[in-house]
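Notes follow the structure.
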Amino acid sequence: MGLLAGSVKDGGNGNRGMWGGCVRGLVRRKQVDSVHARSDNKHHQLAKDLTIPHLIAIGVGSTIGAGVYILVGTVAREHSGPALTLSFLIAGIASAFSAFCYAELASRCPSAGSAYHYSYICVGEGVAWLIGWALILEYTIGGSAVARGISPNLALLFGGEGSLPVFLARHQIPGIDVVVDPCAAILVFIVTGLLCVGIKESTVAQAIVTSANVCAMIFVIIAGSYVGFKTGWVGYELPTGYFPFGADGMLAGAATVFFAFIGFDSVASTAEEVKNPQRDLPWGIGAALSICCALYMLVSAVIVGLVPYYEMDPDTPISSAFASNGMQWASYIIAVGAVTALCSTLMGSILPQPRILMAMARDGLLPSFFSDVNKRTQVPVKGTIVTGIVAAVLSFFMDVSQLAGMVSVGTLLAFTMVAISVLILRYVPPDEVPLPPSLQGTIDSVSLQYSQSSGLINRNCLDDHVGASKDSVQPLLGKKSAQVGYTIIKQVQDIFNEENRRKIAGWTIMFTCLGIFLLTYAASDLGLPRFLRFSVCGVGGALLLCGLIVLTSIDQDDGRHSFGHTGGFTCPFVPLLPIACILINVYLLINLGTSTWVRVSIWLLIGALVYAFYGRKNSSLRHAVYVPAAHVDEIYRSSTDSLA
């Protein structure tokens, strides 16, 4: 078979027009970083300094925030009761689904950019841009909200609200309803400076702060267990039983505390800086999530046993639980834990964003300013400084707590797209690689050699498939093929040949995602008429079930074995686990609320305009030539020989 190659241009050929070029631009996919791609990269590389302990520090520090010191009381009072521990366990298992998907893609595609990078490789440029744009919002709002929450907790160490020094305390600007927070801005600048020094140095600092937080949580577990055994665990001796709100309440609590686990994706954003990504990234992600889940469960098991759930203080549940048992002094240790938790989470929020910006700038979707890597520190200093300035300004002037839901949108969109990328990798991995247009001559030469040696392609077929004048970027749903003259028996026998199998898998993945959306939307929207609601649920459930059955029945693509870097972690229970991951994340996305989605839609609309007027025109793949992945090495070798 001949070598198929083509290029992507913004314009169309024949009657395709501008809209055809726009659509092809949205589905063009980039190459997993290879030896050739790295040799062509004009930018300095990030330092490869991180090992498993560093990754665990980043993951635990980014995940365990001060929210756990509040969630315990709120969720126990309103949803779970004494079953709060099971809510954390269920949420941890649900988070593990996403962690498995991240672990496989991070070890196969160990480059900066996290979910943006994986989406660009597996789905296409348009979806990747929206994911990257949503992640920028997530880390900006998330970092500002975390910084804004440090000063009230820090004030507890100085004797209570209003006891901070004047230069750190909050002040209201006269005449306008704005409360400035100098402490938040100062802490953001300190964290930004640490991140500019170097990835290893900043990670060590985060490990120290995270260790203080973990020690505070261990104190809560040990001291609380002592008090619990001494007092007889009054929180569990209730007439309402272990499930006062029933199984539904426990599951509602799990959906709430699920957001306490988001943060481990920060580990994947540092993939390019890991010494041995195929081994260390899966271990780092898995260990961080396991530690967080264990700490959450132990703390919740102790606290709900010390005080009846209906008597918990929703604002300071842990401190009040100890105070009710005569241990008021423990509030200082808990305050230290809350402050260190917020500081480590702040570092985990600012760390990934410069790397997302750098990855997008490398691909030409953002100005090259963000792709610069400092020669000495080997970190994207310019992007880090810009990120720090924006986060500091927001945290100084604005109370962004009401925007916290927007943080969850970015995370859940990323989780969903990572799970979809795993399905694509397993069933329809990209079989074409974009090469620079400077290699067009070599591509034509190699293609001609293949066509002459095989004798299977005539001149007309060669003209149709080779060269820069034709577009051969194929969408996820497969390549067009028209085969005629087959008998009915032959057609039945060929239903599951390789080409048809890829098309069937592609369509199945799409309809499965559609079924998940219909099912979760109808199940969540209680305002729909009863008949319509059950009808939509039935259609969505049928699509989901059929998709699961089809994907389980057909073989996975052999190309998955050679996709990206081999030898790393392999996600288990495919397709069941990624589909369950998509189902959970889409359900949570739909239930975030209308106001949150209105704000996010405005941000995404701004992103679409930026892409239309800048990213699409400056994409590094705008004039790329696509060739089968099997022939890339030969093309580069021929190109090198011709220059010798």
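Yeah, the Cβs are placed from backbone N, Cα and C, and that goes for glycine too.
According to TrEMBL, the protein carries these features:
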TRANSMEM  52-72  transmembrane segment
TRANSMEM  115-136  transmembrane segment
TRANSMEM  178-197  transmembrane segment
TRANSMEM  249-271  transmembrane segment
TRANSMEM  283-309  transmembrane segment
TRANSMEM  329-351  transmembrane segment
TRANSMEM  379-397  transmembrane segment
TRANSMEM  403-425  transmembrane segment
TRANSMEM  504-524  transmembrane segment
TRANSMEM  530-554  transmembrane segment
TRANSMEM  566-590  transmembrane segment
DOMAIN    569-619  domain 'Cationic amino acid transporter C-terminal'
TRANSMEM  596-614  transmembrane segment
* For the transmembrane segment (115-136), find every same-chain residue at least 6 residues outside the stretch whose CB is under 8 Å from a CB in it, and list them. => 25-32, 105, 109, 265, 268, 352-353, 356-357, 359-360, 363, 365, 409-410, 413-415, 417-418, 420-421, 424-425, 429-430, 475-476, 564, 600, 603-604, 607-608, 610-611, 615, 619, 621
* Using Cβ atoms only, state whether the transmembrane segment (566-590) and the transmembrane segment (379-397) have three or more pairs under 8 Å that are 6 or more apart in sequence. => no
* **Segment-segment contact (the transmembrane segment (283-309); the transmembrane segment (178-197)) at 3 or more Cβ pairs under 8 Å** => no
* Structure fact -> Comparing 178-197, 403-425, 504-524, 530-554, 596-614 for Cβ pairs under 8 Å with the transmembrane segment (329-351), the winner is 178-197
* Structure fact -> With the cut-off at Cβ under 8 Å and a gap of six or more residues from its ends, the chain residues touching the transmembrane segment (596-614) are 126, 129-130, 133-134, 137, 365-366, 403, 405-406, 408-409
* Are there residues at least 6 beyond the ends of the transmembrane segment (530-554) whose Cβ is under 8 Å from a Cβ of it, and what are they? -> 423, 427, 496, 501, 504-505, 508-509, 511-512, 514-523, 575-576, 579, 583
* Return yes if the transmembrane segment (403-425) and the transmembrane segment (249-271) have at least 3 CB pairs under 8 Å (sequence gap of 6 or more), otherwise no. => yes
* Structure fact -> Per DSSP, the domain 'Cationic amino acid transporter C-terminal' (569-619) contains 40 helix, 0 strand, 11 coil
